[in-house]
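According to TrEMBL, the features are:
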type	residues	note
TRANSMEM	7-24	transmembrane segment
TRANSMEM	30-48	transmembrane segment
TRANSMEM	60-77	transmembrane segment
TRANSMEM	135-158	transmembrane segment
TRANSMEM	192-217	transmembrane segment
TRANSMEM	223-249	transmembrane segment
TRANSMEM	256-279	transmembrane segment
TRANSMEM	299-321	transmembrane segment
């Protein structure tokens, strides 16, 4: 009876814990995003500290200020240009759509299709005003969450040891040394993953930018920058980065859009078969099927945030599984059996 009662209590505690964690899933994902940013900032600050001799605090401050100045310069350099180009692209696409409707309006069944398309667009335009408050509140919510994540990441990066020691208090005393090793290894894994992904993003942005410039696509630097940033999310980001460039090219001519699509196919083929393997030799590598599966699951369950953090979260979980389950449990048990 005591064993049954104990099993029931453990099961009940486990179910309650699962329910609580599920209710806090969005906060936990944002917390992981903050940990990822903190690992990157602390790693960059630590590297500067070792090479320059600056104090750890001053090194971290230099890294943060450099990032802020770089972001400000980028917005100053391309901010107004992006807005102007988006407006021009919208006007061009609207003009092309009107020409398409005119061509379809006098050709039998295509006339009915054109009428239905026009009525759908007009209906969507009338209903758009009703969605504006919701979109505005969503943007404000995303901005607030981003500020919370950045602020949390800064505090974590300033004094990571304090938070690691606090987390280890939840672990039994005998397991704390190994727990510290696991946490430090996860932090190093996240740093290596980000470095590899950043290098990959830069290379993709340069290749796309050169290709778009040679093809004569308008706003090539902006489109290349967007393609590089979206490549932060493996596989899915590559597809998303191609869409704006293809739309801009389509506003010029269908043949140019086809050439742009071919350019992205070539760049992603080169990235997947040559660039990424070379980078992963010095950083970390994840199986493509595992990466896509984690993106699908987390993207379905948690939306855009889950999709963005899916790959680094998978890398962190694989590190924990390797050290705790494989090395500490399976290999230790195998060694004990061999010793007998």
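Yeah, the Cβs are placed from backbone N, Cα and C, and that goes for glycine too.
Note that the structure is a prediction, hence the values are computed from the model and not measured.
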Exercise. Counting only residues 6+ away from its ends, which parts of the chain sit with a Cβ under 8 Å from the transmembrane segment (299-321)?
Worked result: 25-26, 29-30, 32-33, 36, 182, 185-186, 189-190, 193-194, 197, 232-234, 236, 284, 286, 290-291
Exercise. Under an 8 Å Cβ to Cβ limit, what residues of the same chain, 6 or more beyond the ends of the transmembrane segment (192-217), are close to it?
Worked result: 36, 39-40, 43, 223-225, 227-229, 231-232, 234, 238, 241, 245, 248-249, 252, 256, 259-260, 263-264, 266-267, 270-271, 275-276, 279-280, 282-284, 311-312, 315
